[in-house]
Amino acid sequence: MSLLSALTPAQREALMDGPAASPPAGQVSNLVDPPNSQVAGRAVHMILVVLTSIFFIIRLYTKVFLIRHIRISDYVMFISWGLFMGYIAPAWIVGDVAPGVDQWNITLRNFITLLYYFHGAAIIYGLSICFAKVSLCLQLLEIFGQGRDFFWWSCYGTIAFNLVFYTICVFVLIFSCNPVSKAWNIFDEGTCLNTRLFNIFAAVVNSISDLVVLILPQIRIWGLQMALRRKVAISTVFFSGVLACVAGFVRLAYIVLLYKTSDNISYYCYVVGIWTLPEMAFGIIAGCLPSCPKFFQTVSQSAARSKWGSSLQNMKRSKQSSNDSHTVDSEAQHPKGNERRGPPDQYPLTSFASAPGTTELTAATRMSTSSTRECEAHGASGR
């Protein structure tokens with residue numbers, strides 16, 4: 001029988017509307033207008049949603065309209081981005097319920113609501129981060145894969161490990177309590193497994209997995225026979241995921257603090273949830289960055305063509321005689337034709353080839369950089 005069922009309706013309401021924990025010595029509960037982090041939390045939500053969506057749309061546009069070739073990694077990244085957007089809903093609701101509020105400053109009713117959304121968001125987080133890492137590894141294989149060498153096995157091993165690991169984590173999250181609602185409703189009769197050590201272990205493995213995905217492309221890039229400047233340019237694109245790694249380690253630190261406390265769970269739950277946002281967002285952005293140089297190069301070329309077209313119209317209007325107009329048209333057509341072809345890529349990496357005697361790497365992709373930004377992106381892959 002539930003503990004609440006033993007209370008009268010009046011007692012039940014009084015308990016649910018009272019503070020979720022006793023305040024520390026010298027403090028009193030503030031259930032009306034407690035100190036909170038709602039403004040900062042809202043800002044983080046909106047900034048990361050906008051940034052992630054912009055980079056994802058750039059990747060999608062580049063693959064669909066510029067390269068015209070969509071690979072498995074693109075579909076998997078779409079799933080990860082969709083889950084990230086779905087994660088925002090419970091995270092936003094938590095910002096209305098208890099945005100970084102100490103547990104003695106929220107009602108027991110709101111505390112149970114917080115645990116409910118935290119539980120659901122944790123499941124979505126595990127799925128989103130898993131698909132992001134799988135997509136990144138598939139992308140590395142599309143760009144750098146050459147055969148069943150160490151790099152090939154490392155990427156597929158990382159994919160398999162992440163799929164198994166996050167599947168286990170999601171099942172533990174869902175079924176650690178019997179009934180499932182016991183995970184957030186402390187008044188339900190039932191039992192729960194002690195998952196504190198498992199969750200800390202899972203956070204450690206998650207952070208290590210972030211590092212592995214970050215290091216994998218560096219192993220291949222710095223083993224290529226190419227100019228140092230070229231290596232740095234490519235390496236920088238794939239090293240952008242370091243921000244996701246940093247967020248993952250900060251999240252790990254707060255998870256340890258969460259499980260060390262018993263009287264301020266609401267505050268640390270919110271902070272842990274906030275740090276999952278940059279980890280997911282920058283993981284998705286890292287997978288979209290290799291498509292950006294191709295996109296911006298195309299945009300710059302289109303802008304140049306538009307400028308030539310505008311100049312051509314002005315020149316036509318300024319000339320009265322047909323002979324002069326013919327001359328202007330003839331002179332203007334030549335640069336326009338050159339512009340249509342576009343400037344050559346600074347690093348047209350249709351394939352990577354090592355020097356004789358070393359491992360040869362051929363990845364059917366196109367990575368291009370603009371003349372002002374030494375950053376390269378892969379195009380259509382294929383062996």
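The chain as shown is numbered from 1 upward.
Every residue, even glycine, has its Cβ placed from backbone N, Cα and C.
Annotated compositional bias 'Polar residues' per TrEMBL: 310-325 (among others), in sequence order.
Per TrEMBL, compositional bias 'Basic and acidic residues' is recorded for 326-343.
Feature annotation from TrEMBL assigns compositional bias 'Polar residues' to 348-361 (among others).
The feature compositional bias 'Low complexity' is assigned by TrEMBL to 362-372.
Residues or ranges marked as domain 'Rhodopsin' in TrEMBL: 58-297.
Per TrEMBL, the feature region 'Disordered' maps to 310-383.
Away from its own ends, the transmembrane segment (43-62) comes close to residues 74, 77-78, 81, 84-85, 88, 91-92, 95, 274, 277-278, 281, 284-285, 287-289, 291-292, 294-295, 377 of its chain (Cβ-Cβ under 8 Å, at least six residues beyond either end). The annotation transmembrane segment is assigned in TrEMBL to 43-62 (among others).
The transmembrane segment feature in TrEMBL is assigned to 74-94 (among others).
Same-chain residues lying 6+ beyond the ends of the transmembrane segment (114-138) with a Cβ under 8 Å from its Cβ atoms: 71-74, 76-77, 79-80, 83-84, 86-87, 90-91, 93-94, 97-98, 106, 155-156, 158-159, 162-163, 165-166, 169-170, 173-174, 183-186, 206, 209-210, 213, 216, 241, 265-266, 269-270, 273, 276, 279-280, 283-284, 286-287. The annotation transmembrane segment is assigned in TrEMBL to 114-138 (among others).
Annotation comment: TrEMBL describes 150-176 (among others) as transmembrane segment.
Positions annotated as transmembrane segment by TrEMBL: 196-216 (among others).
The feature transmembrane segment is assigned by TrEMBL to 237-259 (among others).
What TrEMBL lists as transmembrane segment is 265-289 (among others).
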Discussion item. Is the transmembrane segment (150-176) in contact with the transmembrane segment (265-289), using at least 3 Cβ pairs under 8 Å (sequence separation of 6 or more) as the test?
Written reply: no
Worksheet item: When you scan the chain for residues with a C-beta under 8 Å from the transmembrane segment (150-176), skipping those not six or more beyond its ends, what do you find?
Response: 119, 122-123, 126-127, 129-130, 133-134, 137-138, 140-141, 144, 183, 192-193, 195, 198, 202, 205, 209, 212-213, 216, 219-220
Worksheet entry | Same-chain residue ranges lying at least 6 outside the transmembrane segment (196-216) that approach it to Cβ under 8 Å | 129, 133, 136-137, 140, 151, 154-155, 158, 161-162, 165, 169, 172, 238-239, 241-242, 244-245, 248-249, 251-252, 255-256, 259, 279, 283
